[in-house]
Amino acid sequence: MANTPHGGVLKDLYLRDAGKQESLAAEAATLPSVVLTDRQLCDLELLLNGGFSPLEGFLNQKDYEGVVENMRLANGLLWTIPITLDVSKEQIEESKIEPSKRIALLDPRDYEPLAILTVEDVYRPDKSKEAALVYGADDSAHPAVHYLHNIAKEFNVGGSLEAVQSPSHYDYVANRYTPTELRAHFKKLQWTRVVAFQTRNPMHRAHRELTVRAARQRKAHLLIHPVVGLTKPGDIDHYTRVRVYKALMPKYPNGMAELSLLPLAMRMGGPREAVWHALIRKNHGVTHFIVGRDHAGPGKNSQGVDFYGPYEAQELVEKYKSEIGIEIVPFQMVTYSPDTDEYIPADEVPEGVKTLNISGTELRRRLKTGLPIPEWFSYPEVVSVLRQSHPPRNQQGFTIFFTGLHASGKNAIARALQVSLNQESTRSVSLLASENTRAELSSELGFSKRDRDINIARQAFVAGELTRAGAAAIVAPIAPYAEARNAAKKTIEQFGGFYLVHVATPLEECIKRDRDGIYERAKRGEIKEFTGLDAPYEVPTNADLTIDITQQSVSQAVHEIILLLEKDGYIGSA
């Protein structure tokens with residue numbers, strides 16, 4: 001029999017409010033509204049479908065403080081992670097958010113109303129206290145703490161929800177089950193004992209082995225329940241991961257395993273998150289849950305030490321297992337024995353027996369360089385999916401981002417580089433010349449710091465999309481401010497290579513080379529806040545290459561860039 005939901009009743013607000021959704025939708029159109037963030041959208045979906053039972057809304061102050069301080073709601077039920085709706089002072093004033101007010105919550109993708117919140121209270125959370133107690137340290141190296149201090153707004157709104165409609169999904173719809181649907185699916189399959197496996201990473205042979213062992217030891221079936229909401233920054237995208245999971249599923253014994261996707265926004269909260277994950281799986285009807293070593297750990301703190309001990313998560317779920325109400329299965333690390341061609345638990349390896357493993361870092365290196373990935377480590381079908389999403393360097397996109405004063409020679413080098421790269425004929429090459437991007441992307445902008453930063457952000461977005469598509473993007477703005485350059489790098493490098501090239505031609509030479517007389521116009525006061533004259537140029541301290549056109553020719557400069565790309569494998573043989 002499927003497990004009883006946390007709190008005794010599954011809070012499926014879609015079912016509860018099904019008879020009045022038409023009237024709720026009509027009312028929502030008349031109400032002040034809040035457009036949700038991506039994390040709030042994930043939280044709302046699990047509030048509405050019962051995944052966060054017993055919650056029926058975002059935490060009010062009393063529940064919030066209880067969860068932060070004692071891991072309990074005001075009614076005494078165990079709950080470890082605050083589920084809050086953060087808003088700004090401006091949103092409060094604009095929507096007149098106050099107790100008893102009804103607010104429509106809108107999907108950020110299409111602005112459709114998803115729910116109506118009846119406000120109970122508005123309060124200012126103690127973010128440092130939340131960071132210290134929930135996540136173990138007020139350290140912004142932790143992604144959830146960084147979110148608290150740098151992204152989350154200053155106030156929380158607590159209140160109860162009514163469901164208008166569910167968020168739309170257009171990907172992997174057949175694998176998205178609400179708790180109600182998954183419980184019905186288990187009933188149809190006549191599954192009475194189900195082990196759930198949580199993951200935010202691709203799965204390989206070792207994962208298949210450890211999950212099969214867990215299911216066999218418990219005489220249970222298996223639910224692969226990966227997170228497809230928000231995970232740790234830098235994780236592999238969920239589209240790739242789901243293709244991996246689908247490639248892996250036929251490797252399980254027939255009828256043993258099912259795949260269901262969980263739209264959860266992870267906090268990487270370690271021990272507390274492990275308890276939270278177990279409660280969520282309990283609500284989805286499973287009877288057992290695998291908790292791993294350093295479960296949901298974010299890695300190192302700002303001092304280079306792990307935020308959590310390797311077994312803290314397992315210890316906390318063990319402490320509260322009677323309240324969690326499902327059996328916790330400790331994650332068994334397995335390792336490959338080439339002598340016997342099998343995976344065996346790491347703690348059962350006889351002394352002197354050779355074992356093999358490939359780390360995540362080594363796997364990424366092999367994917368980037370095109371080196372073989374042995375079949376003992378992963379299935380060919382899985383490797384094929386990963387190679388499609390992670391081609392070798394000479395098939396990846398990259399951006400060459402020039403920075404330097406006006407008339408420093410950036411455009412001449414950029415155009416020559418475009419011609420040189422076109423000789424390769426292995427990828428599309430796009431040049432975002434400064435005069436073109438000003439005219440086509442930022443014609444309404446001036447030369448203030450704010451306008452320059454916006455201009456750079458727009459160019460970085462375009463370059464990032466080109467890089468994502470496997471093209472070579474050449475960008476040649478002045479880009480005088482380090483903060484904007486660093487933001488551009490962050491935008492682009494998640495999709496491929498990024499090289500900052502400083503064209504360090506002296507100001508005096510730039511003035512001599514200025515055929516358009518821009519510097520003279522700036523000196524006469526016709527152009528305000530002009531870089532190099534009455535606005536600063538922050539010299540890069542992190543450039544990948546520095547070029548002075550007075551000391552080398554355009555051809556020499558291009559050759560240096562080509563050598564840099566060749567060294568890193570972006571051009572030439574894989």
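From the backbone N, Cα and C atoms, a Cβ is placed for every residue, glycine too.
These numbers come from a predicted model, not from an experiment.
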Same 3'-phosphoadenylyl sulfate site per Swiss-Prot - residue from Arg415, Arg450, Arg452, Arg513 joining Glu435, Asn436, Thr437, Arg438, Ile478, Ala479: Arg452
Phe331 (site 'Induces change in substrate recognition on ATP binding') in three-state DSSP notation: coil
Close in space, distant in sequence - Gly292 (ATP binding site), Cβ under 8 Å, 6 or more apart: Gln198, Ala313, Phe331
Under 8 Å by Cβ from Arg438 (3'-phosphoadenylyl sulfate binding site), same chain, sequence gap 6 or more: Leu445, Asn455
Mean predicted confidence [pLDDT] for the region 'Catalytic' (171-395): 95
C-alpha spacing of Ala479 (3'-phosphoadenylyl sulfate binding site) relative to His207 (site 'Transition state stabilizer'), in angstrom: 46
